[in-house]
């Protein structure tokens with residue numbers, strides 16, 4: 001019952017009352033330490049009161065609980081060394097990491113905890129010592145891996161075509177080799193080494209991604225932008241395309257260019273994932289993800305309807321015309337592709353001034369230009385501009401959340417020998433088996449003087465404002481005179497307040 005009450009207090013809107021009641025209930029707890037403590041009993045979702053405060057974004061309760069856990073090591077003048085308990089914060093021995101819970105929640109208030117002590121210092125320590133070097137090395141290794149895969153695709157086994165052409169539009173001159181013909185020369189053996197590296201890399205990607213999907217859940221794993229959800233979809237699809245290409249190569253099945261093309265596009269697009277390791281590029285990946293999966297996905301439904309309707313109209317109009325004079329709409333798939341190019345203004349409207357075009361083509365193309373170019377494209381630009389404005393206001397906050405998510409990901413996947421535990425064991429100071437983070441705080445002695453100066457300015461402004469209000473209330477002139485007197489009063493008030501404030505600064509100096 002006591003643990004349930006603690007969880008309820010974390011969710012209370014009255015933060016001051018909740019902190020006092022929290023302390024009162026803990027005062028009756030018989031087992032202050034150990035697994036029987038009320039603070040260490042999780043709820044049905046596996047969250048202790050401390051983790052629940054982080055997930056809900058309750059910064060007041062989080063700071064209150066951290067103040068209860070900290071230990072003052074020593075003080076010398078303005079310097080103070082404090083030990084903060086990071087047992088539940090650090091993701092080293094936690095199945096459900098506190099940092100991972102914060103970045104995966106949908107509440108923006110929870111991300112503000114990343115700027116509080118000691119979370120900010122812990123993340124900075126992990127990222128600067130191990131996270132950034134490992135992440136940069138991983139980015140370089142992935143780029144080299146993609147270069148290897150690209151070269152294998154560029155120099156894939158092809159042979160000249162021997163069959164007769166069945167159509168004047170057939171432009172194929174090379175065809176895919178059979179498996180027995182693909183690995184004969186020395187160059188083929190070099191390509192085989194690169195293909196083996198590519199397949200092994202795809203298998204490693206699946207082995208690393210699938211356990212996280214099972215642990216976190218597909219909805220949260222692929223749906224969270226900060227956790228890199230869209231990029232996880234891209235990299236898993238890329239690995240599947242590599243395996244499909246391998247099967248088609250081993251069975252000598254024609255058409256391997258389809259999965260190979262998809263794999264090249266997805267693999268190189270996944271390079272944008274590594275931009276989150278840099279503060280200059282990280283927020284832009286967030287913007288791209290939100291625009292693609294927010295604005296662009298909704299816009300594509302409208303675009304598909306418009307393209308389908310006008311492409312059908314164009315195909316019907318040119319169905320009776322000679323395709324040699326105007327071949328952009330010679331069949332239905334080509335009509336869809338040409339209409340898509342017209343929609344994005346990639347090409348101009350097809351025209352041949354040597355022949356007479358159907359009259360309805362001009363009418364339909366006029367309507368299409370008005371709807372597609374003038375209306376819908378400007379609508380998309382306005383939607384993306386609004387998304388950019390919203391993300392720009394929180395881009396630093398989102399980038400820090402990206403860094404935290406990347407740090408936790410690396411810490412879970414790398415061996416323990418490459419990522420030692422951060423902090424200091426409490427046994428060195430007689431504080432048990434808990435782990436602490438040492439933080440040195442410097443108290444500026446001039447800070448209190450500046451606070452007195454600020455209060456002096458504020459007090460003088462309040463006095464002058466009260467005097468001015470009394471004069472305005474007793475004045476019975478017209479509205480114009482009231483505005484003129486208020487304007488002159490504000491100028492004299494600001495002048496007097498500034499003069500007296502600078503006198504206080506001079507005397508104290």
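Counting begins at 1 with the first residue displayed.
Just so it is clear, glycine is given a Cβ too, placed from its N, Cα and C backbone atoms.
Under the heading domain 'Ion transport', TrEMBL lists 135-394. Sequence annotations record features per position, and here TrEMBL assigns transmembrane segment to 134-158, 192-210, 231-251, 257-275, 296-318, 359-381.
Looking only at the domain 'Ion transport' (135-394), the predicted model's pLDDT averages out at 84. By the count of Cβ pairs under 8 Å, the stretch nearest in packing to the transmembrane segment (257-275) among 134-158, 296-318, 359-381 is 134-158. Away from its own ends, the transmembrane segment (231-251) comes close to residues 149, 179, 182, 195, 198-199, 201-203, 205-206, 209, 221-222, 259-260, 262-263, 266-267, 269-270, 272-273 of its chain (Cβ-Cβ under 8 Å, at least six residues beyond either end). Distant neighbours of the transmembrane segment (134-158): 174-177, 181-183, 187-188, 191, 194-195, 197-198, 201, 242, 256, 260, 263-264, 267-268, 270-271, 274, 277, 406, 410, 414, 418-419; these residues of the same chain sit at least 6 beyond its ends, with a Cβ under 8 Å from one of its Cβ atoms. With pairs at least 6 apart in sequence, the transmembrane segment (359-381) and the transmembrane segment (296-318) have 3 or more Cβ pairs within the 8 Å limit; the two touch.
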